[in-house]
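Engineer: Sharing the feature lines straight out of TrEMBL:
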type	residues	note
ACT_SITE	E180	active site, proton donor/acceptor
ACT_SITE	E255	active site, nucleophile
DOMAIN	37-330	domain 'Glycosyl hydrolase family 59 catalytic'
DOMAIN	338-452	domain 'Glycosyl hydrolase family 59 central'
DOMAIN	489-661	domain 'Glycosyl hydrolase family 59 C-terminal lectin'
SIGNAL	1-22	signal peptide
Amino acid sequence: MDCRESALLVSVLFLALDLCSAQNYVLSDDGGLGRVFDGIGGLSGGGATSRLLVSYAEPYRSQILDFLFKPNFGASLHILKVEIGGDAQTTDGTEPSHMHHENDENYYRGYEWWLMKEAKKRNPNITLIGLPWAFPGWVGHGKNWPYDYPDVTATYVVNWILGAKQYHDLDIQYVGIWNEKSFDNKYIKVLRNMLDKVGLPGVGIIAADGDWSVANSMILDPYLKNSVDVIGAHYPGTTTITEALKTQKKLWSSEDYSTFNNEVGGGCWARILNQNYVNGQMTATISWNLVASYYEDLPFGRDGLMTAEEPWSGNYVVESPIWITAHTTQFTQPGWTYLQTVGHLAQGGSYIALTDGKGNLTVVIETMTHNHSVCIRPPLPPFNVTSQNATFQLKGSFASIKELQVWRSQFDFKTSKASFFEKLKPLKLVDGSFTLNLAEDEVYTLTTISTGSKGSYPDPPPSAPFPKVYKDDFDVRSPPFSEAPYFADQTGVFEYYINLTDPGPHVFTLRQVLTERPITWATDADQTISVIGDYYWQNLTVTCDVFMEKMNAGGVFIAARVDKGGQSIRSAKGVFFWVFADGTYKVTNDLVGETVLAEGQSGTEVYGWYTLSLTVKGQYASGSLNGYPLWKNAVVLTPKAGWAAIGTRSFELAQFDNFALVAE
């Protein structure tokens, strides 16, 4: 009988006495404390990752929000970071800006305002952060770069912060600065100065919200250093650099995770939540993304803490990262402090400990093995984890603790019988000591906090595909959101519109509103496009009324079998039925319009309504205009399936109405 078997005879989980060889670890505040804990959060945006969430019916939408934000229920997040919409493709779609044009301000577009209010409703103490991934084109004065005119860019960002307060009573605590390229640090100073001048000295700046490189500049430039409150890195691999530590600023993993949310994704999240501090002294970790609420076949499908991608069915899935988050968030709060006595376990894994300074202690232990905790980035160096006994000795102000609450998650990659966030019997300490028999791929929380709970609701409705028959006439007098349900803008912004010049049937429409290409780091398209439906549809009919507003060069399309979106939208294939303001039509096999399947005269003009219908079945496609066949039997060999879509030839005004689709 080996050591572990004999231990299990005494207790499956706990050893009050160290019956076998165990490594000893001290948890103490005698030598002082470590860094102040700033919280664990989720990120909505970067881009359009919460797009489908808003279309859920009640009670399911509120249930999802409870699992994310409600204290002592689910993930109980401390931080919500949102995209400051910039009208541009930023990974999985576009989010509308509060300023499409320099003289335009609207603080009700999009859904991030709503999401922040819902989070705040559940947790009034949640930290709110905004970050622009992209900007409207006017900010760059004709360049695809937002920092050549720092006063303009700073004004744009500060307006968003002021609008959050004025129109939604939301206090933004931090704003990030980020772009894939390096930028002039002058912008950070201009932004800091402007925030102070408008009465927002308490809004902190996170820089560069990308990598650690700004730390070098901060060491050399005292004014820059004073302007930055947090150095934020994306996907740091749990490590930091010496220069960042030398600044003595808060260090955050301000975007992390981005991993498919199966159990390996849960293991990735468990490992980095502990080791971002153990290895890198990072005091906050924020998941991209908050909730996978976008079409799964867009890039990085299901890379959220939970999955809510079927508003038409009401189905959602509380994935393992929710409960892994709870191991820390339900038993700590921002303002707690890490102990200096944190580290790695002798046989692999890690442990952290935090205190509120009032006698409470929370310890989180993870033993995730390499192959069961791989994140999408960066590459994970090899390491080993094996089962082990670990004895923890509480000293200093914690020596008198007699009992700890215990919560455990056990991943099971062999039988798929994992258990997450299970409350076990309290652990009695003997002389301030306890021993755990730690298996591979486990997470434990031991805490003096007794308020934790595993929230639950009745099972949501079963998963179901997008309805095969769907229609939307966009006749919404007071839409709760600026976007129509289920449409996922991939380039351009499609908003509800009241057409006051049309006394006929097209008063309420959907309008593509951008007339200038936005500034973005991601690959977008020269055409605007919004997708909808089931990615696996093969045979379908799409019908829509269209209205062009651009003279001569204007054009609109409806499409089927669109096979790409997100950052890959420029190379999307499908069947695209275009009509143009010059009286012609074209059918193409790609969004860019290079592979032509049919073309000819349509008689279409600007400022007139037309009904387009596209039918794709097997290898053939046909189209009609105002009910009359315009072309037929175009041969379509690929793609075999994809979304339906609407869009425009360029960044131009155009309207859509009475959208309908029928799929086989």
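Even glycines carry a Cβ here, placed using N, Cα and C.
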Engineer: For the residue listed as 'active site, nucleophile', which residues in the same chain are close in space, meaning a Cβ under 8 Å from its Cβ, but six or more apart along the sequence?
Structural biologist: L43, G46, D209, G232, H234, Y235, I286, W288
Engineer: So what's the average pLDDT for the domain 'Glycosyl hydrolase family 59 catalytic' (37-330)?
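Structural biologist: So the average pLDDT across the domain 'Glycosyl hydrolase family 59 catalytic' (37-330) works out to 96.
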Engineer: For the domain 'Glycosyl hydrolase family 59 central' (338-452), DSSP counts of helix, strand and coil?
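Structural biologist: Secondary-structure breakdown of the domain 'Glycosyl hydrolase family 59 central' (338-452): 6 helix, 54 strand, 55 coil.
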